[in-house]
């Protein structure tokens, strides 16, 4: 347990996608320091097994605890879906994922009780989103659709491309045919496709972005535990970034997402943790 | 050094793609046993750094040496381009990659001395293909094009899809505009897109498949070292498969590529090697 209110929040993802979550925390909790870890040597997690995702996540949590974080945000839907429940039992600082806040809001938003979920294979097949949604309302139907091409399309930079529109159309059509009125963007890369997806599904479908909901949930959690930082941060740049592969590529992507110039990223050997 | 002619060949890849190389070895060298390793926990290597790809490759080579292999085939273009040269100096059994055999044949096939190369970012940016091609003929021009969407499209199973045609068109058009008469399929997944790519580039462009050339090169190498197996193999199934993540998914893909029913795949912890 780390009761130091000024300690940083640990945030991790399989790679760069979790920066969309970090961005929401920076916007909504400007007094909080952040230590971000991106597992760029072993990215992606989306099509890997529960066993491997749990193993990798445990190594990262050990690394973050050594950075004296006061709380951890699993900024990766796959790791939240496959590893969070186990890890929660193993550590004594608060830890939250992106699935629960996203599922909770989706359950409260839907009117016709039909929710669509797009994400990686790992996230969709884990069934964690429907489980949590059903804890709020058993009558809600959840229709899942894995979208393995979205992450490479985003990383190729084809955010408004005709190819991406066509791929997205194939992924969302079966969900629209089910009559969903709410769609969860269940992978941290997907908010970057938000406007393209919104155009395809139309205004009658509400998009839920778990990144934003997670930042709000973190704020509530820190307050309830008496852990929120009450002082202004002194440093000009209170964020530290770590990766498991070369830092340069990460920085390029980080600088395209974050409203800051990410200059200092450190590479570490995550297999040692 | 392992002089046992009946010892297996070690073959490795970042995941399932190297099975297209294993398939060519099975077809062309039916008396050879094979130990295949696919690094499915850390796949893909294509956009990772030289340092990380070298580290992962060294771990796998150590694992294969413990299986008493008599020679190693790096059945991954990225690892061949980024790690092979270093590892060659560190071990005492013969080791070959897919880049050199592919580059050699491409250099002998081109008539107008303009070769196109498609592959991962790691392979194309490494410049190893042009270096080897220039060792045969300095006048040949090599035009590289990274194709990061091809592997996810193949793994999605969209081998003849309109989306894949459109993506491929964008990748090969700049190469055709350079007037290439030869195109190297510089990633082990790409032979599965062979007919689609051939249709796009037309019959005047010769496709080079490094997988096939590597099997022929391995045959010559084993003969020159007195290492080829002269006896028929006794086992009904002389191939063993190891992976670093869940075996089931690997088997599904393996069974779609190989003319055998791959039943036995074993998962190991590659970080321990």
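Cβ atoms here come from the backbone N, Cα and C positions, even for glycine.
Just so you know, TrEMBL annotations are computer predictions that nobody has curated.
Taking the Cβ of residue A:77 (substrate binding site) as centre and 10 Å as the limit, one finds 37 other Cβ atoms among all the protein chains shown. According to TrEMBL, the feature substrate binding site maps to A:13, A:14, A:45, A:46, A:77, A:78, A:188, A:189.
Less than 8 angstroms from the CB of residue A:76 (active site, proton donor/acceptor) sit A:12, A:13, A:14, A:17, A:18, A:45, A:97, A:98, A:188, each of them six or more residues away in the same chain. In the three-state DSSP scheme, residue A:76 (active site, proton donor/acceptor) falls into the coil class. Among the features that TrEMBL reports, active site, proton donor/acceptor is placed at A:76 (among others).
Taken from TrEMBL, the feature active site, proton donor/acceptor covers A:187 (among others). In sequence order, A:17, A:46, A:77, A:78, A:118, A:119, A:120, A:123, A:147, A:150, A:151 are the residues near residue A:187 (active site, proton donor/acceptor), counting only same-chain partners six or more apart with C-beta under 8 A.
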In three-state DSSP terms, the structure that residue A:13 (substrate binding site) belongs to: strand
Residues that sit under 8 angstroms from residue A:189 (substrate binding site) by C-beta distance, when 6+ apart in the chain: A:17, A:20, A:150, A:151, A:154, A:155
A:13, A:14, A:45, A:46, A:77, A:78, A:188, A:189 excluded, remaining Cβ within 8 Å of their centroid (substrate): A:15, A:17, A:18, A:44, A:76, A:79, A:120, A:123, A:151, A:187
Sparsest-packed among the binding-site residues, when each Cβ's other Cβ atoms within 10 Å are tallied, from A:14, A:78: A:14
